[in-house]
Amino acid sequence: MFSVNLRYAALTGPAVQFLLTGVILAADYSHVVTVPPTPDGFVSEQVGYLDSEESLKKLAHRFQTKKLNVTADLILFITTLDMLIMQGHNWNHKIHGLAYISAICTATRIAIVEDTPAAYRMIDIAAHEMGHSCGSEHDGDRQRNNWCNPHAGWIMSPVGRGARNSEFSECSKHRIRHFMSRTLSASCVFVSSSINRLANITHLPGTGMSPSSLCRARYPYGDNRDTQDQIYYPECKASCLDNYQQPVQESFLDGMHCDETKICLKGECINIPEKLFPVTKKTATKTKAYRRKINKP
């Protein structure tokens, strides 16, 4: 979550940061809608699938009816199940997260994010879905008067995000700023929790991780050995082989070394900052700072 905060650190008027106030482990899948095995084998007994739209509706309903009661401005539901969405009459598995727009501090304050343990793909997905919760639609959503290029690769791009996937477009900044400053109630704005589980963070996700280790985490069936082409290190890129042995580039995680004295932060190779963890404090008090609380069931 610290890496998500790094991506929100550029937002101003107001500033937006998240406090992690709790982590809850669900005992079963009763709060969501899973997809049973199908005769054609698309959904098998060996792989779990989650109906993203129906699960989001079910979770929102449980919060509305108080069947689930969590004190937080935003709740992030993280699943290792493969998320699906129904398009026409077919399942589409090219979805990794879903959230309501402008939902912070409302009954629909829920976002679902797919995560593969140790692969750290959730960072970009969570930043994107939480951007929806904070008031931003997709870049290029002209029905909502968003005219930013949907293919430019910003955080809120509706397609695969690219070189700018650690930054918000000007459209997203405007939407989030407008929603945060003009829509939220005072009870949502004030920080009321004294708990911040990000307070004692001392390592970034990529601390101590080599490019080859990142490749193996992302592509366990790829022939990713310890040798790496270092030409892309200054661009914070690793050269990997995917599970079909095809070459692919992966962005370095925050904290991975791109040089002996430099690390990658938000996709840039920079000198190691003197104060690497300035975003959160150990104790959050009631203040007008626009910090958000987040909880994970």
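For all residues, glycine too, the Cβ spot is worked out from N, Cα and C.
Unlike curated records, TrEMBL annotations are generated automatically.
Residues annotated as active site in TrEMBL: GLU129. Residues annotated as Zn(2+) binding site in TrEMBL: HIS128, HIS132, HIS138. The domain 'Peptidase M12B' annotation in TrEMBL covers 85-182.
Looking at the domain 'Peptidase M12B' (85-182) alone, the prediction's average pLDDT is 91. Rounded to a whole number, the C-alpha distance linking GLU129 (active site) with HIS138 (Zn(2+) binding site) is 10 angstrom.
Comparing the recorded positions HIS128, GLU129, HIS132, HIS138 by how many other C-beta atoms lie within 10 angstroms of each C-beta, the top residue is HIS128. What surrounds the Zn(2+) site, by Cβ distance within 8 Å of the Cβ centroid and not counting HIS128, HIS132, HIS138, is the set ALA99, GLU129, GLY131, SER136, GLU137, ILE155, MET156, PRO158 from the same chain.
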